[in-house]
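Visitor: Below are the structure tokens for one structure; questions will follow.
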Amino acid sequence: MTDQAPKSFSQIKHVILILSGKGGVGKSSVTTQMALTLASQGHKVGVLDIDLTGPSVPRFFGMEGKSIFQSERGWLPVVAYSDANQNALLKIMSLGFLLNDRGSSVVWRGPKKTSMIKQFVQDVVWGELDYLLIDTPPGTSDEHIAIAEELRFARTDGAVLVTTPQDISTADVKKEINFCKKANIKILGIIENMSGFVCPHCSECTNIFSKGGGLKLSETHEIDFLGAVPIDPSFVDMIEGQTEASQPLVTLYRASALHSIFSSIVEDLQTKDLTSGC
Amino acid sequence: MAAEVSNSKILQPDYQLNEPEPEHCPGPESEKAGQGDACVGCANKDICESLPKGPDPDIELITENLSQIGHKILVLSGKGGVGKSTFTSMLAWALSADEDLQVGAMDLDICGPSLPQMLGCAEESIHESGAGWSPVYVADNLAAISIQFMLPEDDSAVIWRGSKKNALIKRFLKDVDWDRLDYLVVDTPPGTSDEHISINKLMKESGLDGALIVTTPQEVALLDVRKEIDFCRKAGIKILGLVENMSGFVCPNCKGESFIFRPTTGGGQALCKELGIPYLGSVPLDPRIGQACDKGDSFLDLYPDSPASIAILNVVEHLRDAVGDAC
């Protein structure tokens, strides 16, 4: 291993990991919404999905079935959104694009996963990016060790931790906090996802997965609390309702009730002293 | 050229060769590996020579150790956070409610063990005796094993690569002194990787009854669950059935129903129909389930008449039928 940042990262200004010890808390959903918010502000955003056995990112961006093309310089990511001047603002890379059937399982042990992540870090032609968001699988194992090692010299800004409010979830996220400490990854803040559900019939809020667990976790560990995101089934509808003919997700998302929450989360992150920058 | 991952060898070997096997290769795992005529000058010679030969000797010990267990059920899902551990704990509570049954629960989620907290025994630790590791007894007839019982602090991170996880799983199977059990339910982490390959490889000889697949209704979850079903089929694991968790939510205030994780593609039921898998029913979202799990209480005991309890007990009944244990 060389002690230099990978060449593919040379034109990337900020690198942010999205982590959680727990599965199904909304890492991919948070990654997607952060990417949409940043792209909506005109930033160039890349999304790298290193969940190899359960990649969700292609589905979230309505890009299932797209292919990755190999150029002389490396893999070209899928472009999910461009501005009026045809500047690509949203690029995605996921193992989901490399499978010939969406139902195929990827049955890989650690070493194979490690080498795929190495390739994802070194061989993707991102070009110029303001932000690269890295979506991860749950746990603290091969994928996490691999990405931490690959990013050791890449001036990573840090990690955003996602949790749901209940104890069962925060217990696993505590382990992820310890992982970040050991791997020397700065924790930028905690997002509490699935925090309450407002009944569409009577507007009564029910805390389906309890409430306040993320806030409490951030206080105990002296980590910034970035915000609480409620359960909003209309977001799932928006993701699932995407067709070739529909408006771009970036445009649709601006009208979502969650957009203002993520705008403030992203603003919060931007005002932090993000370490990298070329 | 579009890049693609080759699916030809879906169960990857543990080793990596320097070059493709040459013609007349005796096979990297064969008795003659590294010694055949074709091996002379082959770049893989050293790798093949150093590979262990023949079947894993531990499998015999595992089969011996698990020989007094009646039924062995895996709880699987490609997706995280759909309720695998919740369902494993429910299965454990429901089965052990019958005092004549001896039940064991094994937690294979090494990096994010949730089962101990749900069974209310997270503070316990394992004792080592001459007979092996003694599991933690939650009730007279309900024992559990998890890495959580071995951690110095409850929030210690287990930063392990696959090989180390495999070694622990092996010890769980080989060295835990279960005694006689009617049921062993095995909770797994999400995905299709080391833990899943290992448990299948190591338990196959002992006779796995099959797997219960857990999903939530939305397509993003079903997509990963498809992959898990694909894995089961390739690995030869029988699918006992699929249960859809977090299906609908009834507002406690107005009793109006909402679909939080909307089944835009037909949910678990449509997937079962498409893939020809028994559908065992759906369990509605009930905030009290999460609360009971956080506290380590049995939701089934606390709210036996709730729609969720009835649905869960129904699934348990189906499962007992599927493994041929009429009750």
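A Cβ is built for glycine as well, from the same backbone N, Cα and C atoms used for every other residue.
Copying in the features that TrEMBL gives for the protein in this structure:
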BINDING   A:Gly21, A:Lys22, A:Gly23, A:Gly24, A:Val25, A:Gly26, A:Lys27, A:Ser28  ATP binding site
BINDING   A:Cys199, A:Cys202  [4Fe-4S] cluster binding site
Visitor: Please report the distance from the Cα of A:Cys199 ([4Fe-4S] cluster binding site) to the Cα of A:Lys22 (ATP binding site), rounded to the nearest angstrom.
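Guide: That comes out at 26 Å between the alpha carbons.
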Visitor: Taking every protein chain shown into account, which of the binding-site residues A:Val25, A:Cys202 has the largest tally of Cβ atoms within 10 Å of its Cβ?
Guide: A:Val25
Visitor: Among the binding-site residues listed here (A:Gly21, A:Gly23, A:Gly24, A:Gly26), identify the one with the smallest other-Cβ count within 10 Å.
Guide: A:Gly26
Visitor: Select from the binding-site residues A:Lys22, A:Gly23, A:Val25, A:Lys27: which have any Cβ-Cβ contact with chain B shorter than 8 Å?
Guide: A:Lys22, A:Gly23, A:Val25
Visitor: Can you give me the same-chain residues 6 or more apart in sequence from A:Lys22 (ATP binding site) with a CB-CB distance under 8 Å?
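Guide: Spatial neighbours, sequence-distant, of A:Lys22 (ATP binding site): A:Pro138, A:Thr163, A:Thr164, A:Ile168, A:Ser169, A:Asp172, A:Val173.
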Visitor: Note down the number of other Cβ atoms within 10 Å of the Cβ of A:Lys27 (ATP binding site), including every protein chain shown.
Guide: 30
Visitor: Please report the Cα separation of A:Cys202 ([4Fe-4S] cluster binding site) and A:Gly26 (ATP binding site) in Å, rounded to an integer.
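Guide: Per the Cα atoms, A:Cys202 ([4Fe-4S] cluster binding site) and A:Gly26 (ATP binding site) stand 26 Å apart.
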Visitor: Cβ distance under 8 Å to A:Ser28 (ATP binding site), same chain, sequence separation 6 or more: which residues?
Guide: A:Asp49, A:Asp51, A:Ser56, A:Val57, A:Phe60, A:Asp135
Visitor: If you count Cβ atoms within 10 Å of the Cβ of A:Cys199 ([4Fe-4S] cluster binding site), leaving out that atom itself, what do you get?
Guide: 19
